[in-house]
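Database features, via TrEMBL:
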DOMAIN    131-239  domain 'UBP-type'
BINDING   155, 158, 175, 188  Zn(2+) binding site
DOMAIN    280-814  domain 'USP'
ACT_SITE  289  active site, nucleophile
DOMAIN    602-643  domain 'UBA'
DOMAIN    677-717  domain 'UBA'
ACT_SITE  776  active site, proton acceptor
């Protein structure tokens, strides 16, 4: 709440703003809340030169914090805490040990000392003040004539040119240890220390006039070297002439990467800051630029603006008890922060004059910090929940998956990206074909390196680069491969080999080829340039190329045509199923059977107790959790509200015995193979939630009898046709990075927005760095007739949009 602070229920420990606390009280009957309010005290100059406190309320619009540094010396905090007793709003100031029971006092103290939800995702700072090494003062340096060049370094024991360390005793240049993210080296610097005992090494690429990164192998920690300038000068390195590189490395890859960083971020060009609705920056939370870039592009699309920001009052009114765990609430909040303009305001003239008079510049406190959004959207994901750099394309698909699973209104905004791909597979021996369709959200274009238009320059550059490396001279100026877009489009449409192809015509494995065409064209076409590949060491590498991406794109010629005259289809025969002769097969089948049909019998006792603490009968809480399939207290709470008037509401829950369920489950399993009917037990569970029988059967059929996914399917298909068989439109994108889904040939297919295949470019995301595991993302969007660069918190008018260096491109359809 921007003024009223935060109210925390002392039973459920859920937090609410002032406008939602009354609704929570009426809904649950909970009457004791902890009211937290923070005041920011800004220090202003006093008459005697000191600082006088200037009090103002802290804005607490959930997690849409501005980028101002309220931890600086210019601000202090004053926290106010009270217990509020409803319905009379009776206030008890804290601390108040004398009047409050001990249990209440302990609970209040625990809440006040706990970390906020978004702060929990940040690890405690590991940085400590470095100590001077015990070897620095007495370090012996060998007079062996070694001189270190300013660039072109390479490990003396392998070919690595990254993560290199200079031993300060003998001048050996060796690679560091290997890290989990694929960076690092082969540990030759450590091996050298074990062989020689030379203790100190400095990381090449970190040397500046202010110092360098020094590591002590003997002390096993980073250290300070007070005599670093002298020690480096011994090997011909002048600290005053050194500059740290962008990524802390100085190797054969540095020169192109620095150039790439400069071009994509439009360095060296004075860019005009942009303010107002749609021009709000996002704070980088530590390698979260991939999220910032994708969300800026997403909320530039009208369908997403209408779905979340346009429906913001309704989404907030119907948000669950814990809005921090609701996808639509978090999306609406983030969209509001980006599009409202409240967090992107130009500086006042008086502030500019004051800065000029004081000859200082303070950055404007604009932008939002998406901490809570990142914490929720990455929850449970092994990669996005970390603070490591991630692939923007993978995050885009992860986001679309969440949008699909959390529909808002009757129309899903992700429909604008969805399209059908027709895949034509041909047996090379029998010449017979098979046509299938799948759903996709991204057009992935291969990089046709063989079509480079500057091959002679590339060959000459490669020769010069090798000569410079051999002579340990500075590398020549980078020559980037220039690839025609038409060549990439041609490579996309060409046939590709199918590995392990089984021909149903030959009833055996054979050679097969596959071609892909568009069975439909999406409203918004997302194009990914497949710049990333794997090197011989299986470390992801990026192809440094320039592609002349068009402003206007016509892919009408890639429209699918279906089975052609004279083509003969492959027989619809499945490959033979090979069952291993393993005595554990029966045990595995039994475990699978129990997971498939008995998962709903387990009751989440934590959800039961959470409901019981709200005052509902214990048996009713158990029934609610059981009949909602352990989907959480919020879903079970809604079940309770809907069934409170039933005469057996508080009667004990009767669960069938294992043998009965297993018997009926086995019968149902047999029925699946005969008449395609789902297990009756699962149908009954869904019917008990208030849904129609035909809808329950339809949802279970569409999700292969997965109860949880069936419920998600129901909520994402509010008005299905009663008699039609659904397409296989429910998916698990987490297990399929390309989000490819086979579409059944039933009467109801995936929702698509087909139309002409002509598009216009309106945005692109660029990546700087050697792989998706490192580097930085920037987004360019075309708004109001001009290009705008979104570089985390910095939002400016673009002067030289680098459209040829993008990674993901966004096109919108041109109306006919």
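For all residues, glycine too, the Cβ spot is worked out from N, Cα and C.
Just so you know, TrEMBL annotations never went through curation; they're auto-generated.
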Extra residues within 8 Å (Cβ to Cβ centroid of 155, 158, 175, 188), Zn(2+): 156, 157, 159, 160, 164, 174, 185, 186, 187, 189
If you measure between the CA atoms of residue 776 (active site, proton acceptor) and residue 175 (Zn(2+) binding site) and round to the nearest Å, you get 24
Please report how many Å separate the Cα atom of residue 158 (Zn(2+) binding site) from that of residue 289 (active site, nucleophile), as a whole number. 33
For residue 155 (Zn(2+) binding site), just count the other CB atoms lying within 10 A of its CB, please. 22
Over the domain 'UBP-type' (131-239), what does the predicted model average in pLDDT? 85
Please list, for the domain 'UBA' (602-643), how many residues fall into helix, strand and coil according to DSSP. 29 helix, 0 strand, 13 coil
Fewest other C-beta atoms within 10 angstroms, as judged across 158, 175, 289, which are the recorded positions: 158
Number of Cβ atoms other than its own within 10 Å, given for the residue listed as 'active site, proton acceptor': 22
